[in-house]
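Visitor: To start, I am sharing the structure in question, which I have written as structure tokens.
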Amino acid sequence: MRSIARRTAVGAALLLVMPVAVWISGWRWQPGEQSWLLKAAFWVTETVTQPWGVITHLILFGWFLWCLRFRIKAAFVLFAILAAAILVGQGVKSWIKDKVQEPRPFVIWLEKTHHIPVDEFYTLKRAERGNLVKEQLAEEKNIPQYLRSHWQKETGFAFPSGHTMFAASWALLAVGLLWPRRRTLTIAILLVWATGVMGSRLLLGMHWPRDLVVATLISWALVAVATWLAQRICGPLTPPAEENREIAQREQES
């Protein structure tokens, strides 16, 4: 448990570098970012947004199983644990959002530029909020259509970031489960992807840096427990002797 907690803590620290740096810098979101950067951020965030998030989940689960070489029974147990970790994280996120009720950056911007009081905005039902955003931004040339559509769908509260929790959970699961097998490329790709998802939430006006920080910390706690459970139920996560030889050979060739 301690080794898993240490590994995932290092991964969480790496994920926290970007949002903490942005937080300290005092950066504030404003519409009108470079179009190519904004479009790239949108497509990165779409890898987590439904329905694509389900596809991402299934692809990553399949890859994890291949890397871990689990038997069928153990595979189903691991799938249940991984799915539970993601679902519990999303449930915790929803509960905190309802309690804290922090407005999104773009909602604050709507209040300043379109005179829509934040309190009144959030008293509306979700569908009504989406329609209001659509009406108010119909003539807004500085906001691309894809971003307007995204805002119409994402009219909930900001704190903490659900997209960050999804991506960070997978990245930290990689650190916890795949590091003993030295799947360093997979770990690096997922850490970069998770950081990209976090950055996209800032650029799209969906979250504040603190939303990302807290979401990452929650993900770390959940993943530490999930990997511990996986080890208790499925057995040691360390590779057997035969696989250790293969890992050593792979490292020599790289």
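Counting starts with 1 at the first residue shown.
Quick reminder: no glycine exception, Cβ is built from N, Cα and C everywhere.
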Visitor: Compare the topological domain names that Swiss-Prot gives for W27 and for C234, and report whether both residues sit on the same side of the membrane.
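Guide: Each on a different face of the membrane, per the record.
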Visitor: Region 'Phosphatase sequence motif III' per Swiss-Prot sits at which of 44-55, 116-127, 176-187, 200-211?
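Guide: Checking Swiss-Prot against the ranges 44-55, 116-127, 176-187, 200-211, the region 'Phosphatase sequence motif III' one is 200-211.
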Visitor: Take the C-beta pairs under 8 A between the transmembrane segment (209-232) and each of 2-24, 55-66, 162-176, 183-202. Which stretch has the highest count?
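Guide: Maximum Cβ contact count belongs to 2-24.
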Visitor: Tell me, what is the mean pLDDT of the region 'Phosphatase sequence motif I' (97-105)?
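Guide: A mean pLDDT of 79 is what the model gives the region 'Phosphatase sequence motif I' (97-105).
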Visitor: Count, for each of 55-66, 162-176, 183-202, the Cβ pairs lying under 8 Å from the transmembrane segment (2-24), and report the range with the highest count.
Guide: 162-176
